[in-house]
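Asks: Got a structure here, written out as structure tokens. Questions coming.
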Amino acid sequence: MLKIHNSLAREKQEFIPLTPGKVKVYVCGMTVYDYCHLGHARVMVVFDMVQRWFRANRFDVTYVRNITDIDDKIIRRAQENKESIEALTARFIQAMEEDAAALGVEPPSWEPRATRHVEDMIAMIQVLVDKKLAYPASNGDVYYAVHRFPGYGKLSGKSLDELRAGERVIVDPHKNDPLDFVLWKAAKPGEPQWDSPWGPGRPGWHIECSAMGEHYLGEHFDIHGGGQDLQFPHHENEIAQSEGAHGHPFVNYWMHNGFVRVNDEKMSKSLGNFFTVREILAHFQPEVVRFFILRAHYRSPLNYADMQLEDAGRALDRLYTALKGIEVHDEVEIDWDDPYASRFREAMNDDFNTPEALAVLFDLATEVNKTRLPRDIALMKALGGVLGLLQQDPWKYFQQADSEDPAFAPEKVEQLIQQRLVARANKDYREADRIRKELMEANIILEDGPHGTTWRRATGLSTL
């Protein structure tokens with residue numbers, strides 16, 4: 001029985017799908033005006049893990065992760081770069097897809113772009129206006145009337161009085177209430193615009209997800225996810241829009257992953273501790289980064305530090321070391337009655353407890369090192385695959401470069417190993433030791449065995 005921590009109920013609840021055997025999931029994706037940072041990576045990896053677990057349990061999964069390709073930040077960045085919004089967003093969408101693929105994130109069922117669903121957004125805004133839950137302002141904007149939706153604040157646990165007391169921003173004179181939020185923004189010179197019943201303009205951010213979620217998943221679906229920073233106001237506003245428009249529940253389970261911190265400080269550009277996925281992948285293998293993300297429970301804070309990635313690399317090394325030496329070519333059906341598989345399932349069914357699931361893999365690796373049975377290795381790979389891990393050939397994993405230094409490309413390493421073998425055959429041990437030391441200084445570890453010398457690159461030894 002799967003239990004999910006529902007942010008709306010503030011407790012773990014048994015997952016009961018709206019339709020038996022099917023699950024519909026919507027996750028807020030990127031606003032594409034820059035490269036993915038570690039926070040984006042965490043959202044992508046966490047909910048990739050979630051959908052993989054549902055599929056492993058034979059659910060028919062419809063997974064939607066949107067792309068926000070029209071937004072104030074996008075417009076501002078395009079103006080700064082003196083490029084079109086279309087060129088800017090296309091560039092960063094491609095970069096996002098490359099980063100996601102590197103991290104082993106499977107493509108969602110649907111990845112809608114906001115600009116392709118403006119008609120859906122206009123239609124929903126019209127419903128809200130007709131129901132007196134929204135009002136056109138004199139400047140051409142349309143606002144949601146928060147006080148007219150009785151359930152506002154139920155996701156965040158905030159009352160309207162508390163929210164008003166904490167309001168510090170300059171109040172827009174066109175709003176009836178400081179808490180009202182924009183659904184439609186009147187056109188400004190040089191900005192993209194669409195025709196609407198309220199004049200030309202563009203949609204607000206919050207209405208985008210309500211409209212796209214409904215388009216692909218219906219008015220009522222199972223799970224909505226995203227980062228903890230979106231719980232308020234974005235997700236709170238989505239509930240107000242969708243439930244206000246349709247008069248019934250919008251989503252049954254709300255999931256929020258925790259914040260990312262860097263060296264125990266909030267990640268931010270102003271603190272100079274802001275890293276893109278590409279910057280991190282220049283120093284650490286993609287699978288190490290994925291392992292690092294899943295090593296923490298998705299609701300816990302994720303603290304990034306070089307030493308944490310280095311430790312994750314060493315831990316992943318131990319798992320791959322157990323897989324070395326015995327080839328398993330066929331995928332196996334997981335026997336959930338197996339003691340290790342049963343423990344793994346119990347961990348994952350407890351609100352996707354990946355740290356406990358990984359602990360099972362380490363126990364299984366210990367067993368594999370003792371037995372060397374293909375059956376155990378196949379099970380280890382299959383369980384790892386549920387998390388998107390351990391699918392590489394172990395030898396290739398260990399030989400992946402952690403830098404682009406051509407002096408130690410695989411061909412060069414093999415050449416040096418042959419030179420070392422010749423030196424040893426000639427009893428020139430000084431030269432053999434010199435070559436080993438040279439390779440060690442390049443983070444390349446040699447392993448001499450009965451079948452010859454193999455090598456691997458030490459993971460996680462570079463720093464940002």
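Placement of Cβ uses the backbone N, Cα and C atoms for every residue, glycine included.
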Asks: Which residue range, 246-250, 266-270, 391-395, is the one Swiss-Prot calls motif ''KMSKS' region'?
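Replies: Here Swiss-Prot associates motif ''KMSKS' region' with the stretch 266-270.
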Asks: Check Swiss-Prot: it lists CYS209, HIS234, GLU238 as binding Zn(2+). Then name which of CYS28, CYS36 it lists for that same site.
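Replies: Between CYS28, CYS36, Swiss-Prot records just one in the Zn(2+) site with CYS209, HIS234, GLU238, namely CYS28.
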Asks: I'm validating the feature mapping. Which of 30-40, 129-139, 162-172, 283-293 is tagged motif ''HIGH' region' in Swiss-Prot?
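Replies: So the range that Swiss-Prot calls motif ''HIGH' region' is 30-40.
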Asks: Which of the three DSSP states, helix, strand or coil, fits CYS28 (Zn(2+) binding site)?
Replies: coil
Asks: For the binding-site residues CYS28, CYS209, which one has its C-beta crowded by the most other C-beta atoms within 10 angstroms?
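Replies: The most densely surrounded of these binding-site residues is CYS209.
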Asks: Using DSSP and collapsing to three states, where does HIS234 (Zn(2+) binding site) fall: helix, strand or coil?
Replies: helix
Asks: Neighbours of the Zn(2+) site CYS28, CYS209, HIS234, GLU238: Cβ within 8 Å of the Cβ centroid, same chain, sequence order.
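Replies: Same chain, not in CYS28, CYS209, HIS234, GLU238, Cβ within 8 Å: TRP205, HIS206, GLU208, SER210, HIS224, GLY226, LEU230, HIS235, ASN237.
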